[in-house]
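Just below is one structure, and these are the notes that go with it.
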Amino acid sequence: MTASTIKALSAQLAAKEVSAEELARHYLSRIEAGAHLNAFTHVDAEATLAQARAADARIAAGNAAPLTGVPIAHKDVFVTRGWRATAGSKMLGNYVSPFDATVVERLGAAGMVTLGKTNMDEFAMGSSNENSAFGAVKNPWNLEHVPGGSSGGSAAAVAADLAPAATGTDTGGSIRQPASFSGITGIKPTYGRVSRYGMIAFASSLDQGGPMARTAEDCALLLSAMAGFDPRDSTSLEPGRGGDVEDFGRLLGQPLQGADAARPLAGLRIGLPKEYFGEGLADDVRTTVRAALAELEKLGATLVDISLPKTELSIPTYYVIAPAEASSNLSRFDGVRYGHRAAEYRDLADMYRKSRAEGFGWEVKRRILVGAYVLSHGYYDAYYLQAQKIRRIIAQDFQNVLAGANRQCDVIMGPVAPTVAWKLGEKTSDPVQMYLADIFTLSTSLAGLPGMSVPAGFGANGLPVGLQIIGNYFEEARMLQIAHAFQQATDWHHRQPAA
């Protein structure tokens, strides 16, 4: 029971070397043993084992799919029928969902077994998983450091082998950054590829769900099950426009067109933005990423210097748009319809004030205030509309190098974050420093492009470093193909933290 990749577990289940119930019990015991990481907010062993037994019956009847019986953990932002769905907040501490999110529904239809709900920054607002009402998550590689956020619980669970895979969400880097900090693989698809129905909203024009696992191959299997048009999500891409059901693993193991097995990436042009390799990049991260790029050159790729000149504007742009959308989305949590309600209050207005004051944490309150300010009369044009204009310019930066007659490269690569994971508590007193940690991921989210992180080595204090791969719209299959080729030539994705 040492295998921890989805592909290996699926093969064991198909060969009847192990049952789904045995797998579920194995991972439930690992979750219990790894409780010190605080990666999970909720586990329901009986519900998990019931799903596992149903998967075993499906396998016995010959109706199994490739994912049937494989366990998975869900970020606690995806509602799951009969399970608590807290979004890491006291505001939703006792909320039990009557329905499944589309992501949960589709993975369940594929036969996957839910292990539990993973910890996260409150309402996905954070880069360290220290903003959770249920306490901070610890990085399995060094318990004094953060795992990244906001999908830190999912990243820590996969890294520590408490789960072979997990779901995450990425608004400004919340799949890629924790994947990098925790030494696993994670992909944020093109905006609209994965349904947001049943995903508790932070910033609706940015939020996107995606898979987190040990390998690119596993992420491809998961994304194939998760993605596709959903009429219940108004932002879901329609069939023929990116919303088709797709086999994202179809190119894995194949050399690029015109290449061969010895040099599978021959002809690939990798763009290196000069803005991603400037003075703000830590030396250990720079060295590790450069070594990974050298490995890709050995596989036949060519490195090309490019520029994304509006990168520096991504932080102020994001921190106008995202809080504005958050202030609107979170207005529904008033203590009346659902969510935390204050025990004592004078009147209705006092109940609203006290319920929200008690239910929301400081970072969420900060972003609600910022969002309400930039949407207010007199400031809407000056801030929000200007930010939306800059957002379009940032998106055009990417198209200038990835598309058109003057296309300079096929994919873009660089670091995921400027540093390795920092120590718990190191940046909580200075939110701006925390925000700067997302400088290399925010622009991709603002543009709606797919991006992923793959393990690329280790930096200071033996902490993982991720290599970021950014593609043009709908190019996830090629990104996964490239990531898989890199992982076939390296073993960073197989490294695990000490028990």
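Every residue gets a Cβ built from N, Cα and C, even glycine.
Remark: K75 (active site, charge relay system) has K117, T118, M120, S151, G153, S154, A166, T167, G168, T169 as non-local neighbours, by Cβ distance under 8 Å and separation of at least 6 in sequence. The active site, charge relay system annotation in Swiss-Prot covers K75 (among others).
Among the features that Swiss-Prot reports, active site, charge relay system is placed at S150 (among others), with the record citing sequence analysis. Long-range Cβ contacts of S150 (active site, charge relay system) within its own chain (separation 6+, distance under 8 Å): G88, M120, D121, A124, M125, G126, S127, N129, N131, T169, T171, S174, P178.
Residues or ranges marked as active site, acyl-ester intermediate by Swiss-Prot: S174. DSSP classifies S174 (active site, acyl-ester intermediate) as coil under the three-state reduction. All protein chains considered, the CB of S174 (active site, acyl-ester intermediate) has 37 other CB atoms within 10 Å.
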